[in-house]
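Chemist: Handing you this structure, nothing more for now.
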Amino acid sequence: MSKMRFFALQELSNRKPLEITTPSNKLSDYYASHVFDRKKMQEYLPKEAYKAVVDATEKGTPISREMADLIANGMKSWAKSLNVTHYTHWFQPLTDGTAEKHDGFIEFGEDGEVIERFSGKLLIQQEPDASSFPNGGIRNTFEARGYTAWDVSSPAFVVDTTLCIPTIFISYTGEALDYKTPLLKALAAVDKAATEVCQLFDKNITRVFTNLGWEQEYFLVDTSLYNARPDLRLTGRTLMGHSSAKDQQLEDHYFGSIPPRVTAFMKELEIECHKLGIPVKTRHNEVAPNQFELAPIFENCNLANDHNQLVMDLMKRIARKHHFAVLFHEKPYNGVNGSGKHNNWSLCTDTGINLFAPGKNPKGNMLFLTFLVNVLMMVHKNQDLLRASIMSAGNSHRLGANEAPPAILSIFLGSQLSATLDEIVRQVTNSKMTPEEKTTLKLGIGRIPEILLDTTDRNRTSPFAFTGNRFEFRAAGSSANCAAAMIAINAAMANQLNEFKASVDKLMEEGIGKDEAIFRILKENIIASEPIRFEGDGYSEEWKQEAARRGLTNICHVPEALMHYTDNQSRAVLIGERIFNETELACRLEVELEKYTMKVQIESRVLGDLAINHIVPIAVSYQNRLLENLCRMKEIFSEEEYEVMSADRKELIKEISHRVSAIKVLVRDMTEARKVANHKENFKEKAFAYEETVRPYLESIRDHIDHLEMEIDDEIWPLPKYRELLFTK
C-alpha cells in the first residue's frame, strides 16, 4: 500500500488541465439544447398535443392515450436529431441517487424488419423491479412489480445517447417508493393552502408556486489518491488520518483563486449543465482546502430538485474525465469544514408576488408579515420533523461542529424585523381596535421595506435564516436529495397555513373584521413562536443552554432524530396533509433507519479491515526496525551511553505496542458489538444498537491510528495523508 501511495503522488505530479472548448461563444446558442422544452414541443408536436402537455402541466388535466402517442412520437423525433438510441424512465428511489434502465427504440415489425418505435404507453408508464430498491418492507422479493409514471411538469432531456424521462416511482399497490411523488403532493398542498390565505388579501391570486435555489458544496480529490484510500472509496469519508499542519486556519481558500485543473472541470460541468437547461451561475472555492461550491439561479422546486440530482450525476461523470473523484459526503475529512447543501426556499404567486419579500404598500406588507409569521410558527411546531428530514449518518458529523448549523432548529430574522413583530404584539389587543390604532399599525407595517433594505444581516450559524426575500435552510447535507427537506417544509407550511386560515375564519364568523382577525391570530402566533427566534451565535454553549430553557429540542442521536418522522405532530402534517399514508410513512422511517444502520456497518467493517490488515502490520514492521536498531546500538555503545541514547526509542516501542494492542482489542470488541446488533430483528433496535454500541468504536480506533501515523516513518505509511489529499492540486 505504501508503494501505491507514492505511485499516486508521482502520477499526480504529471496531471495537466484539460482543454475545454465551448460549443459557441453565445450561451443562448446551446442553452437547453438537450431539453425537450416548450420551444422544442412547439416545433415537434401537433398543436393539440402541445396544448395537452401545457394543460397537464398547468391545470393537471390528464393526457389521453391518443395524445400520449403523438407526444411520444414528437419526443422521439426530437431525440433522434441528437443521435439518441435509447430511452429511460429516470426516477429517484430512496437511495439518495437516481435510477434508470435503458431500453432501445428497436422493435421488430410484422414482416420481421427492424423498426424504431416509441409509443405513448412506453412514455407514460414502465415496470421496474420494486423489490430491488429501498421499500421499507412494502415489496417482498417475490412481489417485484412497481411502476414508473411520467412527470409531465419536468421536461425530458438527453444525456449522451439516452432520452431521459423524469418519472415518479410507485409500488404495484400504489405506495410511493421515491422522493418525487411526495414532493409533488407537498407542493400541491402548499399551493392550495397558501392560495386560500392569499385570497384574504387579493382575490386575483389563484396559484402559489414553490421556488428552490440549492447551493451544492463538494470536495475534489485526485483519482490516484482516491484509489489509494479504501475508506474514501468504500464509505465516502476518511475513517483515519491525522490533521495536516496547515488546513483552513489561514482562511486563504474561501473565494481564493481556483486551481487550473479544477477550473477546467468546472467549465466542462457548466457547459453540460447549460445544455440540459440547468441555470448554474456561481462557482467558487469553499472554506476547506479542495472544497468548492456550485449554485444555480432558483427554479420551480420540482424542477430544481431534478436538476440537483442530475448535476450530482454529471459531476461524478465529468470529474472522472479530469482525473478527479467528487466527494459528496458531509464530512470526508476530520478537522476541516464539511459540506452542506443550502436550500433557499420561497413562495411566489401567479401574479408575480414573492410572499417572502415586503410589499410596496401596507396591504402588501400585511401579506408578507402573514407568511413570515406562519413560517415562524411552522418551524416552531415542526422542529423535530425538519431535523428528521436532514438527519443522516454523514450529516450528523457536520451538524453542531462549529462549521454548520447546530441540531437545534431556530430562525434568524434580524433585529429590526424582530422588533417589528414585537411591536405588533404590543399594539394589538383583544379589544376592538379603533380606526386610529389600525392606521398607526399599518403605517408601521408600511416601513418594513425601509427597515429590511440595510438591516437584514446574515447569520451563518442559523439553520433557518431569513435573507431578505427567502428562507435559507442550511442544515441539509451535501449528499442528500433536496426533496427530503422540501417535503417536510412544504407539508408543514401547508398544515400551518390551513390552521391559520381556519382561525381567522372562526373570528370572522364571530363578527370580527377581517384585518383585525388577521392581526389577532398573527399576534397569537408571534407570541407562541417566540422561542424559535434567535439572533445570536448558534455555535455557542450558551445557546444550547438557552435553547433547553426555551423548550427547543437538540437531538444529535441519529436514530432518535429519525424516529420523529412518526411522532404525533409529524403524522398530523404528513398524513393529515395526505403527503403519505400510514404504510408509506412507516416505510420512510424503516428505510432511513436501515440506511443509517448499513452505513455505520460498512464504516465499521472497512475500518476493522484497514486497522488489522494495513495499519497494524506496518506498525509492527516499524517496531521491529526500532528493535533491530536497539540491538545494533547495544553492540556499539557502552552500557551507560546506550541507556541514555536508547531511552526515546524504547519509549516509542512501548507507545507503538500500546497502540497496536489497543487497536486489536477495540476492533475485536467492535466486531462483537456488530454481531450482537446484527442479531436484532427489529430495524429500530438494530439502528439504536449501531448508534450506541458500534459507532463509538470508530472514533476510539481512529484516535490510536492517528497517533501511530505521527510516530511511524513517513516512507512506509500505507495511506495518503491529509496534507496530500487536501493540498495537492
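Cβ atoms here come from the backbone N, Cα and C positions, even for glycine.
Positions annotated as Mg(2+) 1 binding site by Swiss-Prot: E215, H342. As annotated by Swiss-Prot, Mg(2+) 2 binding site applies to E217, E286, E293, with the evidence given as similarity to another entry. Under the heading L-glutamate binding site, Swiss-Prot lists N337, G338, R458, citing similarity to another entry as support. Annotation source Swiss-Prot lists ATP binding site at S346, R458, citing similarity to another entry. Annotated domain 'GS beta-grasp' per Swiss-Prot: 85-174, in sequence order, evidence recorded as sequence analysis. Summarising the annotation, Swiss-Prot assigns domain 'GS catalytic' to 179-615.
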Chemist: Find the average pLDDT over the domain 'GS catalytic' (179-615) in the predicted model and report it.
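Modeler: A mean pLDDT of 90 is what the model gives the domain 'GS catalytic' (179-615).
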Chemist: Near N337 (L-glutamate binding site) in space, meaning Cα within 10 angstroms, which of the binding-site residues do we find among E215, E286, E293, S346?
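Modeler: Near N337 (L-glutamate binding site), where near means Cα within 10 Å, the binding-site residues are E286.
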Chemist: Nearest to E215 (Mg(2+) 1 binding site) by Cα distance: which of the binding-site residues E286, G338, S346 is it?
Modeler: E286
Chemist: With a radius of 8 angstroms around the mean position of the C-beta atoms of E217, E286, E293, what other residues of the same chain does the Mg(2+) 2 site pick up?
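Modeler: Near the Mg(2+) 2 site, the remaining chain residues are E215, Q216, Y218, H284, N285, V287, Q291, F292, L294, S339, G340.
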Chemist: Can you grab the distance from H342 (Mg(2+) 1 binding site) over to E293 (Mg(2+) 2 binding site)? Cα atoms, rounded to a whole Å.
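Modeler: One finds 11 Å between the Cα atoms of these residues.
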Chemist: How many other Cβ atoms are found within 10 Å of the Cβ atom of H342 (Mg(2+) 1 binding site), counting all protein chains shown?
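Modeler: Within a 10 Å radius of the Cβ of H342 (Mg(2+) 1 binding site) lie 21 other Cβ atoms.
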Chemist: Could you tally the C-beta atoms, other than its own, that fall within 10 angstroms of the C-beta of G338 (L-glutamate binding site)?
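Modeler: Cβ-Cβ neighbours of G338 (L-glutamate binding site) within 10 Å number 26.
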Chemist: Find the shortest Cα-Cα separation between G338 (L-glutamate binding site) and the binding-site residues E217, E293, S346, and name the residue that gives it.
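Modeler: Checking each of E217, E293, S346 against G338 (L-glutamate binding site), the shortest Cα distance is to E217.
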Chemist: Could you measure between E286 (Mg(2+) 2 binding site) and S346 (ATP binding site) for me? Cα positions, answer in whole angstrom.
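Modeler: Rounded to the nearest whole number, the Cα-Cα distance is 25 Å.
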Chemist: Rounded to a whole number, how many Å is the Cα of S346 (ATP binding site) away from the Cα of E293 (Mg(2+) 2 binding site)?
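Modeler: S346 (ATP binding site) and E293 (Mg(2+) 2 binding site) have their Cα atoms 21 Å apart.
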Chemist: Around E286 (Mg(2+) 2 binding site), how many other C-beta atoms are within 10 angstroms of its C-beta?
Modeler: 22
Chemist: Look up G338 (L-glutamate binding site) in the DSSP assignment and reduce it to helix, strand or coil.
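Modeler: For G338 (L-glutamate binding site) - judged by DSSP and reduced to three states - the answer is coil.
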Chemist: Non-local Cβ contacts of E293 (Mg(2+) 2 binding site) (under 8 Å, 6 or more apart, same chain)?
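Modeler: Counting only residues 6 or more apart in sequence, the Cβ neighbours of E293 (Mg(2+) 2 binding site) under 8 Å are E215, Q216, E217, Y218, T282, R283, H284, N285, E286.
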Chemist: Can you count the other CB atoms that lie within 10 A of the CB of N337 (L-glutamate binding site)?
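Modeler: Around the Cβ of N337 (L-glutamate binding site), 23 other Cβ atoms lie within 10 Å.
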